[in-house]
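Participant: Sending over a structure as structure tokens; questions will come in a sec.
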Amino acid sequence: MKKFSLIVAVCANGGIGIKGDLPWRLRQELKYFSRMTKKIQDSGKRNAIIMGRKTYFGVPESKRPLPERLNIILTRDPSANAYPSEVMVCTSMQEALKKLDEAPLVNEIENVWIVGGNAVYKEAMQSDRCHRIYLTEIKETFECDAFFPEITSDFQLVKNDDDVPEDIQEENGIQYQYRIYEKVPK
């Protein structure tokens, strides 16, 4: 059973989105998201990203599905929207994880990333398979209508990976910092 990690950018008021979009424009932070969710050790494999329907359709049409990763969309009504053949549509997180544990995907996927939105993050954080949260802490408040769930004491802040900068980043006058939380084994 593969563990998974979450990746998210959160502003000072806990916000992660507004009207299906990001409230900020941080090109380097988006590059970090792309690099982290594509990073593999085995060149014969790729990563999977799991997201809710609204998160998927929040990605500009020209950029979806997100390249070089298996895009898995969670939706209660798979027939309500048309999806490209290269994405996998599941009705639950449980179904998606089950498919990732079975052939052929178990041999093709290296890492699994949860990329939003709120309900998907919340369910993922409660799972025993949740390993880490890669959180970009944006040091400013933005108007948001979607929020990241509270990080409970089940998670502790850990040292950043070698390829994750520890110092404060700044872009377009907005400061942010990369943090990693790891789930404490029970």
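Every residue, even glycine, has its Cβ placed from backbone N, Cα and C.
Swiss-Prot lists Ala9, 15-21, 53-55, 75-77, 116-123 with the feature NADP(+) binding site, giving similarity to another entry as the kind of evidence. As annotated by Swiss-Prot, substrate binding site applies to Glu29, Leu30, Lys31, Tyr32, Phe33, Ser34, Arg69. Per Swiss-Prot, the feature domain 'DHFR' maps to 3-183.
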Participant: Say you check the Cα of Lys31 (substrate binding site) against those of the binding-site residues Ala9, Gly20, Gly117, Val120, Glu123; which is nearest?
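Facilitator: Sorting the binding-site residues by distance from Lys31 (substrate binding site), the top entry is Ala9.
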Participant: Test of understanding: give the count of other CB atoms lying within 10 angstroms of the CB of Ser34 (substrate binding site).
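Facilitator: Step by step: centre on the Cβ of Ser34 (substrate binding site), count other Cβ atoms within 10 Å, giving 14.
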Participant: To see if you understand the setup: which same-chain residues, six or more apart in sequence, place their Cβ under 8 Å from that of Val120 (NADP(+) binding site)?
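Facilitator: Listed in sequence order, they are Ile50, Met51, Gly52, Thr55, Leu74, Met93, Ile114.
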Participant: Between the Cα atoms of Glu123 (NADP(+) binding site) and Phe33 (substrate binding site), what distance do you get, rounded to the nearest Å?
Facilitator: 21
Participant: Identify, among the binding-site residues Gly17, Gly20, Gly117, the residue whose Cβ has the fewest other Cβ atoms within 10 Å in this structure.
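Facilitator: Selected from the binding-site residues Gly17, Gly20, Gly117 on minimum Cβ neighbours within 10 Å: Gly20.
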Participant: Counting across all protein chains present, how many other Cβ atoms fall within 10 Å of the Cβ of Arg76 (NADP(+) binding site)?
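Facilitator: By my count, 9.
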